[in-house]
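As annotated by Swiss-Prot, topological domain 'Cytoplasmic' applies to 1-11, 61-79, 130-146, 202-228, 285-296, 344-372, 430-457, with the evidence given as sequence analysis. According to Swiss-Prot, the feature topological domain 'Periplasmic' maps to 101-108, 168-180, 250-263, 317-320, 394-408. Here Swiss-Prot flags 12-34, 38-60, 80-100, 109-129, 147-167, 181-201, 229-249, 264-284, 297-316, 321-343, 373-393, 409-429 as transmembrane segment.
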């Protein structure tokens, strides 16, 4: 439990999430708008596609988790995927923004499905081992909290940078001009992403000792089945991700049709990510040390709920107050997103404590499965609300559409953050219990190692 990690290792690990988000954040920020306003895919078709493919991605996570748990190489279980899986991922991150505008609508939809599914599968085969790697680097709670904070900051900075780089380029641009912008930036980001993944690979090591051999699929599933804290955390994560992606998918529509100024898109993303997540993530290790991971999550969820409720009421009549409300909500959301990674890592030890079986890959994949479902639901809710309210691309919108956009960006996230608070209120794995579990696991390993040594001698 004493594996203290250097800042070089922590920063190197976080660069992997920068690379992750070159593919991931582009989709969250721009893909729905690209499909509807540039590629000419209908809002309802785009929303359905985003929902179905992200559900496919969720199942791809489970497949990837099992693949990861079955691998053991001279580089470890997880690091090889960062080395060999990145090129296909980055290629698909370019292809999803390459819908040819002169195709028929049906051809565009088929191409969107195929390329987005390919992106999701490749992302799972890189992101699952990347996330699982944290559980193998250390069992020390503060170091795990720092890893979570570092990747949270890295992801948020990536969101902000992409918004500042690409947002102004598409401001007041025609659909034809936007095509060139998306093509240029996706290629640049793909090359940079491969470099950053390699740095992450070289900067990290797997330090947690494993004694038990790779378990069968049946034993692995039985281990998951008994892990009640993992299932509760997954449901809480589902709610937080629905909230997060409802905001991300609605932001461009909010600034374009409610505020009537796409130039404010970068400001909105800046407040949501830099002021929110980057401001909150450094606070999390200290909060964890003082009040524990569970209470840290609860404070974040409550702050997010109140912030989004205020944002809804002021989202039209006062932009400065609306930005303050969004900042409050984003700080709360940032706290929950950051501490979530440390909570997930703890559930690996809980499963090992109950059954003697350590399955980082499958545990993380189930956690990621529910996160992907949250992304799917949260990302598609705005599309469905737009369709139901009568949205027509690139036109002056009706009051019903404006209310739909406000609901998507504020009320939907408010409700799901409140639900996350209620669920984690009953979360059973406290920091005190976790420390007892790690001590027990270490004692078991010492006994097993001694038995192996005695038999060998």
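Cβ atoms are placed via backbone N, Cα and C, with glycine included.
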Ranking 12-34, 38-60, 229-249, 264-284, 373-393 by the number of C-beta pairs under 8 Å to the transmembrane segment (297-316), which range is first?
229-249
Looking only at the topological domain 'Periplasmic' (168-180), what are its DSSP counts of helix, strand and coil residues?
9 helix, 0 strand, 4 coil
Do at least three CB pairs under 8 A connect the transmembrane segment (321-343) and the transmembrane segment (80-100), leaving out pairs fewer than 6 apart in sequence?
no
Same-chain residues at least 6 beyond the ends of the transmembrane segment (181-201) with a Cβ under 8 Å from one of its Cβ atoms are 12-13, 15-16, 18-19, 22-23, 26, 30, 34, 38, 75, 79, 82-83, 86-87, 89-91, 93-94, 97-98, 126, 130, 162, 165-166, 169-170, 173
Ranking 12-34, 147-167, 229-249, 409-429 by Cβ pairs under 8 Å to the transmembrane segment (109-129) puts first 12-34
Grab the pLDDT values for the topological domain 'Cytoplasmic' (430-457) and give me their mean, rounded.
74
Counting only CB pairs under 8 A, let me know which of 12-34, 147-167, 373-393, 409-429 has the most with the transmembrane segment (264-284).
147-167
Cβ-Cβ under 8 Å with the topological domain 'Periplasmic' (317-320): same-chain residues at least 6 beyond its ends
259, 264
For the transmembrane segment (321-343): best-contacting stretch of 12-34, 147-167, 373-393, 409-429, by Cβ pairs under 8 Å:
147-167
For the topological domain 'Periplasmic' (250-263), the distant same-chain contacts (Cβ-Cβ under 8 Å, at least six residues beyond its ends) come to 29-30, 32-33, 167-168, 170-172, 269, 272, 315-316, 319, 382, 386, 397, 401-402, 405-406, 408-409
